[in-house]
Ligand code: KIV
Ligand code: NA
């Protein structure tokens with residue numbers, strides 16, 4: 001695989017070619033995912049749940065994410081490394097810039113943050129300083145207690161329009177990528193059509209530019225009830241590398257997500 005950059009993702013969007021993304025928290029799994037062809041790796045604050053065993057992403061610290069970023073960066077190969085800003089990095093503009101700077105120094109190539117239109121100023125200041133931003137909209141896990149649980153967002157037309165507007169505002173402010181979590185497939189399509197930048201979906205239907213899943217879900221290392229948008233690719237593979245390849249191929253061919261994984 002050739003080195004993946006933001007320009008590569010832009011070119012995919014223009015060509016109508018989809019791309020795959022997967023979380024990775026260490027060098028070995030980052031390498032395996034990269035060798036499977038997965039274009040974007042995310043050091044997600046989901047590590048608070050899948051690695052640390054917390055019930056939400058809120059306890060994850062900047063130091064936790066920097067540690068896993070340094071680990072994943074050593075194995076990322078040609079994939080693009082996206083990294084999450086932790087809960088409350090947005091308490092001030094100064095803190096936002098400093099925390100994003102720490103992630104970039106640890107190896108991030110794209111910084112992801114949660115937040116709606118009000119994050120426009122922060123995004124403008126980050127991009128001015130050379131920090132590319134992915135804006136995460138829809139179900140934003142850092143606000144799970146405000147949202148009242150992990151629920152599909154944008155089912156009613158008012159909230160759906162708000163999400164489309166937020167995406168436009170944040171792209172105008174400089175966001176290079178939009179990530180949409182847990183929204184109806186029709187809203188995924190609407191956001192993809194509303195903005196010029198690549199839109200990555202998780203539980204956002206098949207009509208977006210890229211797909212992402214949490215690695216543990218792809219490998220079936222889950223407990224309790226799993227969300228509808230998750231698929232265990234180990235059932236169709238002989239080993240972990242095979243499951244990553246299968247996920248990548250199914251995303252590229254738009255076989256994943258199917259209707260059964262969408263809202
Ligand atoms: O932290 C994470 O893994 C994420 C993905 C679910 C998009 O933000
Ligand atoms: Na996250």
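Even glycines carry a Cβ here, placed using N, Cα and C.
Quick look at what TrEMBL lists:
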type: BINDING; residues: 45, 46, 84, 112; note: 3-methyl-2-oxobutanoate binding site
type: BINDING; residues: 45, 84, 114; note: Mg(2+) binding site
type: ACT_SITE; residues: 181; note: active site, proton acceptor
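Between the two most distant C-alpha atoms of the annotated 3-methyl-2-oxobutanoate binders (45, 46, 84, 112) there are 13 Å. Residue environment of residue 84 (3-methyl-2-oxobutanoate binding site) contains 29 other Cβ atoms, counted within 10 Å of its Cβ in all protein chains. Separating the Cα atoms of residue 46 (3-methyl-2-oxobutanoate binding site) and residue 114 (Mg(2+) binding site) is a whole-number distance of 13 Å.
Between the CA atoms of residue 181 (active site, proton acceptor) and residue 112 (3-methyl-2-oxobutanoate binding site) there is a gap of 13 Å. Residues 23, 42, 43, 44, 47, 57, 60, 65, 83, 85, 86, 136, 141 surround the recorded 3-methyl-2-oxobutanoate site, their Cβ atoms falling within 8 Å of the Cβ centroid of 45, 46, 84, 112, which are themselves excluded. With respect to their backbone Cα atoms, residue 84 (3-methyl-2-oxobutanoate binding site) and residue 114 (Mg(2+) binding site) stand 9 Å from each other. Ligand 2 lies under 6 Å from the Cβ of the following recorded positions, listed in sequence order from 45, 46, 112, 114, 181: 45, 46. For residue 112 (3-methyl-2-oxobutanoate binding site), the same-chain residues 6+ apart in sequence whose C-beta sits under 8 angstroms from its C-beta are 42, 44, 82, 83, 84, 85, 133, 134, 135, 136, 177, 179.
Long-range neighbours of residue 114 (Mg(2+) binding site) (same chain, six or more residues apart, CB within less than 8 Å of its CB): 85, 136, 140, 141, 142, 143. There are 22 other CB atoms within 10 A of the CB of residue 181 (active site, proton acceptor), with all protein chains counted. For residue 45 (3-methyl-2-oxobutanoate binding site), the same-chain residues lying six or more positions away in sequence with a CB closer than 8 A to its CB are 57, 60, 65, 84, 86, 87, 141, 142. Residue 46 (3-methyl-2-oxobutanoate binding site): 21 other CB atoms within 10 A of its CB, across all protein chains. Taken residue by residue with DSSP, residue 181 (active site, proton acceptor) is part of a strand.
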